[in-house]
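Peer 1: To start, I am sharing the structure in question, which I have written as structure tokens.
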Amino acid sequence: MDLLKRSISRLALKPSVDSELDGKPHINEDEYVDFRSDDIEDPTNWSKARKWYITAVVMFVSMNGNISSSITAGTTKSLTEDFDISPVAAQLPMTLFLLGYCAGPLIFGTLSEFYGRRWIFYITFLLYLCFTCLTAWPPNFGSLLVGRFLAACFASGPATIAPAILVDLWDKCERCKPMSILCCGGWVGPALGTVISGFLQLKRDWRWGIYVCLWLGAFSIPLMLTIPETHSPTILTQRASQCREQGHDVHSEGEASKPKLLQLYKIALTRPWIMLFDIISFLCCLYFCVIFALQFMLFSIFPIVFRDMRGWNAGVSQLPILGQIIGPIIGLFITFEYSSRRKKKADLGKDMAPEDHMVLAMVGGVGFPIFMLWLSWSAQYNSVHWIVPTIGGTLLSTSLFLIHVACFSYIVDTYADYAASVMAANMVARCASSAGAPLFTTQMFNALGIGGGGSLIAGVGTLLAVTPFLFYHYGHKIRAKSKYAQS
């Protein structure tokens, strides 16, 4: 019982911390309550083991929404039979889920800055499970779509708050590895959902995909309850309140400068769109839209290649999508190695420019069109062994993952205080582009052929491959002219 109380109570209520509050609270030069240099409540002072545990739990819980996003991708046949709808309409549960994801960056990110990360994370995840539960037994197809949209709105809460939690925990030099792991979860989740749903289609129906999401969510709840508050202003506000109860007349800086919630939302709903058209933000957003749309297009491309063209069954035809899991994991190891080299560079006192991140994007940008052509033209002919397009798809996902991690890190380092607004606009744009992808992919590749359709996408990738090279060589000049970027 004591362990449960320690898990679900805020960190400041633990005995080891209560003893610190018996004395005079630490006041900074501005006369506000602040952390001591070795303060146990300061998230940046927590042990590496605890930081990695929180990182792993946050990634696992936020992956619930990623898996759920594509859990209907492989069961479109049972959806068409149950609701008497067209194959295109059967893609709408995935499309509506991806559109619902747009709510997170504009709503829940702001709430987490106002009320702290922990309870917004808890509440949104539990509401996601409630609406997911309702989608398991809908009276009609319209109810299923509404339920999927609302479930996604709340699933976007943990997905949006997760990066903020990692920023709270890790300093700038250490942040690349945990952020890469979180990004990897965002790529693995949808691929895993597609493979699971493909095998469920063989013996079960689309409802069993929803059941899997509910079982995974139920397992995640006890883990989620161990996530502490990591938002420093919120922790200091709670500490100041506790100190006042003990007779100390003190306040936190957050209490003194805290804007009204309405003012925060005015900023949250307008600033992302203003910053979207800053040149760095706009080009990164364009890249994000293409690679995330392609990620969900692949979930339709592989069934065309292996189920329709080669005659594999609904489950086995989804197995090549496992390459979309292996690819990001390969990219993760590449990112780790590059991050270690950057840290050694920083330890030697050398300058660390945001443009250093673009090295990974340059590698991924060159690989994108090459491996897209490999995948599409090897898949065009049934005489080519199935492993050839599968390897091409794996290396393609590695390239896309490297672009994602590099651009994500570049935005965070370039915009600093405005990074949340830039990422909010980017997340809305990429979710919207991903939502439309499943609706036209089958028709596009049936009309152009696998090789022709893949060549079209490779052409777009070739044009965008210039972007990381542009930023690497001229990024510092572009930042100097920007109103928002750090120069």
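Numbers here mean position along the shown chain, with the first residue as 1.
Each Cβ is built from the backbone N, Cα and C atoms, and glycine gets one as well.
According to TrEMBL, the record shows the following:
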type: TRANSMEM; residues: 52-72; note: transmembrane segment
type: DOMAIN; residues: 54-487; note: domain 'Major facilitator superfamily (MFS) profile'
type: TRANSMEM; residues: 92-112; note: transmembrane segment
type: TRANSMEM; residues: 119-137; note: transmembrane segment
type: TRANSMEM; residues: 149-169; note: transmembrane segment
type: TRANSMEM; residues: 181-202; note: transmembrane segment
type: TRANSMEM; residues: 208-227; note: transmembrane segment
type: TRANSMEM; residues: 273-306; note: transmembrane segment
type: TRANSMEM; residues: 318-338; note: transmembrane segment
type: TRANSMEM; residues: 359-377; note: transmembrane segment
type: TRANSMEM; residues: 383-411; note: transmembrane segment
type: TRANSMEM; residues: 418-441; note: transmembrane segment
type: TRANSMEM; residues: 447-472; note: transmembrane segment
Peer 1: With pairs closer than 6 in sequence left out, are the transmembrane segment (359-377) and the transmembrane segment (447-472) joined by 3 or more CB pairs under 8 Å?
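Peer 2: When sequence-distant Cβ pairs are counted, the transmembrane segment (359-377) touches the transmembrane segment (447-472), since at least 3 lie under 8 Å.
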Peer 1: Looking at the transmembrane segment (52-72) and the transmembrane segment (119-137), are there 3+ C-beta pairs under 8 A, with each pair at least 6 apart in sequence?
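Peer 2: Yes, the stretches contact each other.
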Peer 1: Looking only at the recorded stretches 92-112, 359-377, 383-411, 418-441, which one has the largest tally of CB-CB distances under 8 Å to the transmembrane segment (181-202)?
Peer 2: 383-411
Peer 1: Express the predicted model's confidence over the domain 'Major facilitator superfamily (MFS) profile' (54-487) as a mean pLDDT, rounded to an integer.
Peer 2: 88
Peer 1: Cβ pairs under 8 Å with the transmembrane segment (119-137): which stretch of 92-112, 149-169, 318-338 has the most?
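Peer 2: Looking only at 92-112, 149-169, 318-338, the most contacts with the transmembrane segment (119-137) come from 149-169.
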Peer 1: Do any residues of this chain, six or more beyond the ends of the transmembrane segment (273-306), have a C-beta under 8 angstroms from a C-beta of it, and if so which?
Peer 2: 70, 73-74, 91, 94, 98, 187, 190-191, 194, 198, 312, 314, 316-318, 320-321, 324, 368, 372, 379, 386, 389, 393, 396-397, 400, 403-404, 407, 410-411, 414-415, 418, 421-422, 425-426, 429-434, 436-438, 441-442, 445-446, 450, 453, 457, 460-461, 464, 467, 470-471, 475, 478-479, 482-485
Peer 1: State the non-local partners of the transmembrane segment (92-112) in its own chain: residues 6+ outside its ends, Cβ under 8 Å from one of its Cβ atoms.
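Peer 2: Non-local partners: 65, 68-70, 72-73, 79, 120-121, 124, 144-145, 148-153, 155-157, 159-161, 164, 231, 261, 264-265, 267-269, 272, 296, 420, 423-425, 427-428, 431-432, 434-436, 438-439.
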